[in-house]
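According to TrEMBL, the features are:
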type	residues	note
DOMAIN	23-218	domain 'tRNA-guanine(15) transglycosylase-like'
REGION	232-274	region 'Disordered'
COMPBIAS	237-248	compositional bias 'Basic residues'
DOMAIN	293-497	domain 'tRNA-guanine(15) transglycosylase-like'
BINDING	CYS432, CYS434, CYS437, HIS465	Zn(2+) binding site
REGION	555-603	region 'Disordered'
COMPBIAS	563-589	compositional bias 'Basic and acidic residues'
COMPBIAS	594-603	compositional bias 'Low complexity'
Amino acid sequence: MTSPLRFQIKQTSTKASGARESARCGTFTLSQSTTAGTDQQHVKRTIETPGCLMYSQKGAVPHLTPDNLRQQSFGGVNISLEQILQTDQPGSFSKWPETSPIPRFKGYKFTLSEYLRLQDLITFCDLRDYSYAAETFRHPTVPPAKKLASNTDYHAVLSTPKGIRQLTLDDYLKTVRHYRPDVVVALADTIAETTTPNEKRIRKSLERSLKWLDQILLERVGQDGTIADRRLEEEKKRRRERKEKKRNTVTAAKTAGEGQQDQEQDQGTEIPKEMDEEIYIEPIPTEPWTDVGLFAAVGGAHLEESRIWSAQETAKKEGVDGFVIDTLSLSALGKDARLKHVQTSLDHLPSDKPRLLYGLHAPEDVLEAVAMGIDLFDTSYPFQLTEDGKASLYYYGPRPAGQDKSNSKTLRSINLWDDEHGDKFVPILEGCGCYACKDNKHTRAYINHLLKTHEMLATVLLMGHNMYQYSQFFTLVRESIQDGTLQEKSTAFLATFGKEPVRTLEKHPNQIIVEAALQKRNQRLEGAEEGVVGAIDMGASTVNTPSLGAAVGVSAEDVEMEDANKSKKRHETEEAGEDGGAKDEVVEKKVKKTAAAESSSPL
């Protein structure tokens, strides 16, 4: 089977102490058909490694418009199924068009790329959103992680925006066939518990994941991957039927008054010969999807033996294009312990296939992972900074030309919520080539103002800047691997910028004030809206609407007569007045109106 993915290692660096692998730079290339229905291939996109996939929420990269998105140098988007899969899918896939409605892609199958308008980027579809694996990354508006229901042999549990969902293997396969992402991660029993799992739970998760992987590999090439499960279910069904038949026979014998000895002999009867008969299950023809790359999850949690066994068994599978190293089950451990377990997995994986790692986002953590041989990450870190109102100032290697050298205090980032930036009419970072900083288009003071007025342009500019700095960081890391200075520059980076501060999840005081004012305004608007709706409802009750009368069993003629009576009574009330003096007031008003009209008329 020919895979649409091609991974090529260009160069490796000196091995880190204690590591069997070393950092490497290369290319991760996806090819697709040049013309619909032909075997001619062309390169859709190439990602330089070590590199990144853009983090997304519900298929959209946060805070970036399509034109801003294309300005980034990252070549792919990471999409999680638990965020984007709709509650009526895969059932509603029948409503999707068969081919793309876009003229440029006429004749091509309508896929997730067309649905999200990401045709020029690699769409990498995973089961979960791993960016919130660590408590320190979780945004303040997101509640703490709750323990999900356990996965079973028949489904994996997903935490979707609309609640918990059980995703079966059949639903997963239908989704992949309709979404047709460029790359998909195989369904796996990922341990998402907030506490450290025990050995039995870990072993079960690995066995279940490998079983699903075998079935997915068969389905990928058009074979029936679930035939073994159906045969097993048929065997269980026949076994139950035989037991029931045997039970009925014994009951009938007792009723007929047969002796106890005969009953005991009947109960000890050997298994009927029909149990030994081979059960034939009709294979179900399936649609192959070899145009989709396949990554497999490598787990094992905190047990070294389990991580080694998972890596070795997964590496044996033919047709796997790459690996995702599990860190979600390590979220209760410290960073050093997590890196140690990641290294254990990497030591038993083939070096000619790409590895992706979640859960480690800060630059110094990325440098350690790169030195161990990790190829792909995601852009959760720039998103995290943007959500906090922070802008990146860090650099890798020598200080870039054009940056202010007079500032002796080197900062990793600045928080533009701070009042001190309100009168700083300078770019976020001198010499930065991002849209926000280039040609001093948008100053710190301006972005500070945008944040305090709750304008979305603030996060658009910040996200663009942070993404640009992150991409520059990876570019320089790849260059350091090529020139053999990775270890030297990584040590200098840590000495210059130190470690990433622990995220406290506390909001900036100015952000609290702005959001409180916004919430108060929204409450006033909601109150006013409720008043308007109430007035409309009251007005609607007096409107002559025959259909409304018909809905309650009243004819249109009765409604018209009742409204006429109400109008006549209202007119009589105005004439007579409720207190006896209202009639005189009405007459006086009419006299004044007539006098005013006569005085204004020409002679």
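Each residue, glycine too, has its Cβ placed from N, Cα and C.
Structural mapping of features recorded in TrEMBL.
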residue : record              : contacts (Cβ under 8 Å, 6+ apart)
CYS432  : Zn(2+) binding site : LYS438, HIS465, TYR468, GLN469
CYS434  : Zn(2+) binding site : GLY464, HIS465, MET467, TYR468, GLN469
CYS437  : Zn(2+) binding site : PRO427, ILE428, LEU429, GLU430, GLY431, HIS465
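With DSSP classes pooled into helix, strand and coil, the tally for the compositional bias 'Basic residues' (237-248) is 12 helix, 0 strand, 0 coil. Using the Cβ center of CYS432, CYS434, CYS437, HIS465 for Zn(2+), the list of other same-chain residues with Cβ within 8 Å runs, in sequence order, PRO427, ILE428, LEU429, GLY433, TYR435, ALA436, LYS438, GLY464, TYR468, GLN469.
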